[in-house]
């Protein structure tokens, strides 16, 4: 299909041969290229608009061999039609299979929308993707169709919504679903080889690209002529990369390289002149260095004859520094965030502008909180451009975060935020972690976001709901007064004994506690604990950090103290004894 030179091992496409062009034209005419109304007119730009053969000669480069790719030699026919229903894996929650609708098509690629979601979460898949299944697949395999992440209706209405959605719907026949191509055994890519790749920030586009770096199973895809604006790392068997000539063979339009220079094609030489050597994917993810050549969503400028409407600012400006923050779901998420919600976060935020990524990360932490305003109040307030929100009933609270214009400042902000939330410092990193987190492993902390049972999550939620911060009516001034009062009471309760040994001043007498433990504040809980067993005073900051008041304290058990608070067995047994005594007094 993609001709190769057997004598020198290269795989240069002979697209200039008249017979090859005629063959491709006849093949596309026969298939009649099923495309959605939005994509009509796109398929005519390739043969006359971009010549791979000439481009490879101009760049003095070679195409990556077909054997490098997880793509069929003969592109699969697209027998789907717009509005057909299928079952598809939720790209934001890979453990769920949902009902999806085909809302668009370009060549063998489908634009899908999960039913119950909106168009902001549309995604693209190949017709031979293993993520796609005919309606009834889940039922045959004893599974259940799940609502998509971010289902816009009440979750209890999902069964009736599903029934209504599928009643009278046009379902895709089994013949539409093609067998997924085999995976190459090894990563055979070499630096400098050419390929065609999906622009992940504008996934309807395929563009000429080069292999910028190779590291293990990963390759660094650099888009020709665009100075690192869209570059990304991916596995060698990614379905987002294609051999040279795939667009021509499948009838998919291809965007020409960026033309920021004077030559017809900037190509690989243009990239080499303007793109620094990319950082390799980190194995530990602990270094807070920026990810390689990443930028906010942008797209190459279109050729005049193409109907794809895209714009692209000049990324050579220093003000357009970009960053990518990876989410490592196996790391501990602390005591303030809901593990299930954290597990459903996307694998990364970005590449994008610093302010944009900062807001996405901070807002994600608020949205994943067991108590939204609790985490919202922990966010530092400032005069920057980034604004985060928290909802309480019908009220929406907003806060402006500190200004962050440098990558180093962003990573300091994230580091401090993770520390205050009690999360593993590798929950957000500049490079994805591979395998278990070294920080969590060394600390012996098994609290991965996947390691909680439903009962544990219910208990954890109950504890946080028992916290008495009535944030919806508190002003900034009242919060400062409250913290000042708590600080004074802490001194009287916990440092009285220490002060009596170094001063002749008589220690302050601790305040008498209310008879009902459920009415105790956080400091009153700590006061009772330290009065009962002074050795437990060392854990007072932990109780204050997790804001455990009287009601929350009575809900604690040994398992929860060890898992959520990270306490050892000795202190846990003492605290359990205190809890039991309080329960018997009630």
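Glycine residues also receive a Cβ, built from the backbone N, Cα and C atoms like all the rest.
What TrEMBL records for this protein:
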- 274-288: compositional bias 'Low complexity' (COMPBIAS)
- 306-318: compositional bias 'Polar residues' (COMPBIAS)
- 517-585: domain 'SAM' (DOMAIN)
- 252-318: region 'Disordered' (REGION)
- 496-516: region 'Disordered' (REGION)
- 50-148: repeat 'MBT' (REPEAT)
- 156-257: repeat 'MBT' (REPEAT)
Secondary structure tally of the repeat 'MBT' (50-148) (DSSP, helix then strand then coil): 18 helix, 33 strand, 48 coil
Summary of DSSP states over the domain 'SAM' (517-585), given as helix, strand and coil counts: 56 helix, 0 strand, 13 coil
Per-residue pLDDT averaged over the domain 'SAM' (517-585), given as an integer: 84
